[in-house]
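Enquirer: What Swiss-Prot records for this protein is below:
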SIGNAL    1-35  signal peptide
TOPO_DOM  36-983  topological domain 'Extracellular'
REGION    59-508  region 'Glycosyl hydrolase-1 1'
CARBOHYD  ASN161  N-linked glycosylation site
CARBOHYD  ASN285  N-linked glycosylation site
CARBOHYD  ASN346  N-linked glycosylation site
REGION    517-955  region 'Glycosyl hydrolase-1 2'
CARBOHYD  ASN609  N-linked glycosylation site
CARBOHYD  ASN614  N-linked glycosylation site
CARBOHYD  ASN696  N-linked glycosylation site
TRANSMEM  984-1004  transmembrane segment
TOPO_DOM  1005-1014  topological domain 'Cytoplasmic'
Amino acid sequence: MPASAPPRRPRPPPPSLSLSLLLVLLGLAGRRLRAEPGDGAQTWARFARPPAPEAAGLFQGTFPDGFLWAVGSAAYQTEGGWQQHGKGASIWDTFTHHPLAPPGDSRIANVPSGAPSPLQPATGDVASDSYNNVFRDTEALRELGVTHYRFSISWARVLPNGSAGVPNREGLRYYRRLLERLRELGVQPVVTLYHWDLPQRLQDAYGGWANRALADHFRDYAELCFRHFGGQVKYWITIDNPYVVAWHGYATGRLAPGIRGSPRLGYLVAHNLLLAHAKVWHLYNTSFRPTQGGQVSIALSSHWINPRRMTDHSIKECQKSLDFVLGWFAKPIFIDGDYPESMKNNLSSLLPDFTESEKKFIKGTADFFALSFGPTLSFQLLDPHMKFRQLESPSLRQLLSWIDLEYNHPQIFIVENGWFVSGTTKRDDAKYMYYLKKFIMETLKAIKLDGVDVIGYTAWSLMDGFEWHRGYSIRRGLFYVDFLSQEKTLLPKSSALFYQKLIEKNGFPPLPENQPLEGTFPCDFAWGIVDNYIQVDTTLSQFTDLNVYLWDVHHSKRLIKVDGVVTKKRKSYCVDFAAIQPQITLLQEMHVTHFRFSLDWALILPLGNQSQVNHTILQYYRCMVSELVRVNITPVVALWQPVAPNQGLPRLLARQGAWENPYTALAFAEYARLCFQELGHHVKLWITMNEPYTRNMTYSAGHNLLKAHALAWHVYNEKFRHAQNGKISIALQADWIEPACPFSQKDKEVAERVLEFDIGWLAEPIFGSGDYPWVMRDWLNQRNNFLLPYFTEDEKKLIQGTFDFLALSHYTTILVDSEKEDPIKYNDYLEVQEMTDITWLNSPSQVAVVPWGLRKVLNWLKFKYGDLPMYIISNGIDDGLHAEDDQLRVYYMQNYINEALKAHILDGINLCGYFAYSFNDRTAPRFGLYRFAADQFEPKPSMKHYRKIIDSNGFPGPETLEKFCPEEFTVCTECSFFHTRKPLVAFIAFLFFAFIVSLSLIFYYSKKGRRRYQ
């Protein structure tokens, strides 16, 4: 480790006069222009447009060499030992021991001490007991692999009375031991002088920070720390979050010392804090920097705010919001020594004035910009009126860009950042981990994409502790602390393991599994498109009236019916259905080889049985499939799909209990028989049931549904397969379920449980054992739930193996966690918390785009059910309501199909086809590859991109061996007789030809003979 703080990144040296022209060119092309106050307002316009999908998702890259990786803690939150070894009382000791909490305080909840009184407030008396566990804490640092550790010195521990005098030797010894241990580990300290815990003696004697005299006491305390510890400390923080200290300590009273004063008092305290900070900076700069070589700053917290509407007024309000929180302290220090103009204009009677000498004294008193950004400081303690009716957002990247523009490109050290989980959450803190990932990724984007000079990042905090106004109701540590235990052992959470891996890799380096694969699919690969319910329009394009009419030309100018005269009934043809040909044309334009759609059971059999058959609808479907075959597109037909109303069932069956009624299974088998009989000559791929949704289906309904599928399969297998030579299976929705915490065995078990309930419930009886998954049965039995029916041995034999291929629909990936964090998304039935990685790209309907989930679910199915032929029967994403340029879908298809290729080539998955969802926006709004507007279908960019992939049969590259695929021709089933009997056909043709020639000769010579006779 270097002995001194790393130097600032080098700036270009001033060029000589002889290079003045070059200076101008470099200044325009390379040097960053000087920023001025107010320039930060450009940030909102810059980020107003959504980023391209490839930029919005996972960002791969590493941080600059020498980047500072830190973790932090604060004295009162973690040290404990509040009366040990001569420590004086702080304002937080007094504040937490007070029986009445201020308004909005929740510290009484979740008291860790186990005290019987529910009204006893939580305190930091013991907290994480860091005062007695230096080795324990530093071992945690070693596990993380951080380069820096931020901690604060308890003012009352080194100076019990707060003022200069004889320091507390035991307090000094504790911090020396900590610093020495850090030196042994090669971890550099980042030391905060004041983290909210003012000695109570100074509060009583002077009224705390409301008294200007406190600045001198703070200077004396800082001098003591610089003298005793400065040789080992290269980064100093004077005051942590002066906004919270001033506003919530002295104006709202939400935090210690709990003074519910006027806003004027809050602004006065902030004024004194700025002067106190400046005094300490000048002290270090004059007396200690020459020998110690460190840097000093102040930790400023901020929120981020977005305009309700992208108007000049809303943007000005956002700028004002940041001025009132961050700019309140940042502008005096980093710009000109005075408050933001927006504050002075709005608070002229409340805001104290700086003298000219004070402005000069405060200006420039920071060697780097120390930024805090987190839930408590940036959001929970943000006064509502300081939002100015705009929308706060946890967007760290935008804030970093704003600071860069507003304060002239400072070096930024993020000295506090993180999130929180519930106080009941133990070590699987998935929510915290993904927020940590999001914030670090946004920091990397700010560095790489926006050019912001961020030099370090601090995760908050090292361990669970006392969380100020929230007490112990939340946890923010990377290490878990059992506050009820005597030992207070630190146990790494998932977030700690994640942070350790991230530091080890210095960011998010590109991983081999995330790289696209070049290659092509087999020649007979099925490229399909899905339209769950095609446009059924039985209106004929020709006249169907059999009557004869005369045109009354001379009088009424109308058609007059001729009574008693009718024409012969005209035979109907498929071309009569006007709606079919436009759909066929669009499919041909897409170059797909297969088209999947669902039949409407309720339209074909309105009563659910063959007592009333809609032959017109059947003729329409028959024409649809025959026309598809004619143009060499293979129809893939689903018999049933759950859809409102009536779950896609005939109304009578729905009223009689739907799938709860065993009779529905028998009715389905008869319906299937009719469809096979009427359509089977043209349909070679059948789906019995498409995506039966297991999450809202009862066990008895699922039981009957499985039997219905099996009955239909056996009908086809025994009565139609030999003549029609088709294949039949069921299509199951198979979204991937990923453990939220990849390091947690419990989360892995939870993920497997959900997969069995979501997919295995219907898949295991068909593709596996013939019975329900044992995981499912065992879980329900443990909870005394005996509603899952049992199959008889005959039923198992009936159901098992009723497939010719495995068809799955896949759209997204869901994370599951064993910890109950969000009651709204918690599934009590399966004891699982569903969540998402907030760094994932999402569609407008908040469906996560996770391409690698498709590959994982394909491998899971292969592992569970063997090397079966598989079809991805549906895969797609929604776009914006008026999105003509559907770049999200282009990105989605490109990456999901590439993952399918990886599964086929790298994993040996027997993948036979891919079907994109959906055909058009008319039948599936916001999902279509064709846009429907003004009664016309217009191709979206995604359709053209899909066509390109189809034409290439995948993703061929320079290293890919070209695969020759012979062109396929339409097979005419009606002409098969002639194809198999070519010699006979030739002989008949010869006889016909000879007959014609003979007839011609006879005619010729007979005519010639008549002429001669005449």
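Cβ coordinates are placed from backbone N, Cα and C, and glycine is handled just like the others.
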Enquirer: Could you tell me the C-alpha distance between ASN346 (N-linked glycosylation site) and ASN285 (N-linked glycosylation site) in angstrom, no decimals?
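Expert: Between the alpha carbons of ASN346 (N-linked glycosylation site) and ASN285 (N-linked glycosylation site) there are 35 Å.
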Enquirer: Using a Cβ cut-off under 8 Å and a sequence separation of 6 or more, which residues in the same chain sit near ASN609 (N-linked glycosylation site)?
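Expert: For ASN609 (N-linked glycosylation site), the qualifying residues are ALA667, GLU670.
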Enquirer: How many neighbouring Cβ atoms, not counting its own, are there within 10 Å of the Cβ of ASN346 (N-linked glycosylation site)?
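Expert: There are 14 of them.
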Enquirer: Can you tell me whether DSSP puts ASN609 (N-linked glycosylation site) in helix, strand or coil?
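Expert: Note: ASN609 (N-linked glycosylation site) is coil by DSSP, not helix or strand.
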Enquirer: Between ASN161, ASN285, ASN614, ASN696, which of the glycosylation sites has the fewest other CB atoms within 10 angstroms in the structure shown?
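Expert: Across ASN161, ASN285, ASN614, ASN696, these glycosylation sites, the one with fewest Cβ atoms within 10 Å is ASN696.
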Enquirer: State the mean pLDDT for the topological domain 'Extracellular' (36-983).
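Expert: Mean pLDDT for the topological domain 'Extracellular' (36-983): 92.
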Enquirer: Using DSSP and collapsing to three states, where does ASN696 (N-linked glycosylation site) fall: helix, strand or coil?
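Expert: Note: ASN696 (N-linked glycosylation site) is helical by DSSP.
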Enquirer: Between ASN614 (N-linked glycosylation site) and ASN696 (N-linked glycosylation site), what is the CA-CA distance rounded to a whole number of Å?
Expert: 31
Enquirer: Can you tell me the CA-to-CA distance separating ASN696 (N-linked glycosylation site) and ASN161 (N-linked glycosylation site), as a whole number of Å?
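Expert: Answer for this pair: 65 Å between alpha carbons.
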Enquirer: Give the three-state DSSP assignment (helix, strand or coil) for ASN346 (N-linked glycosylation site).
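Expert: DSSP call for ASN346 (N-linked glycosylation site): helix.
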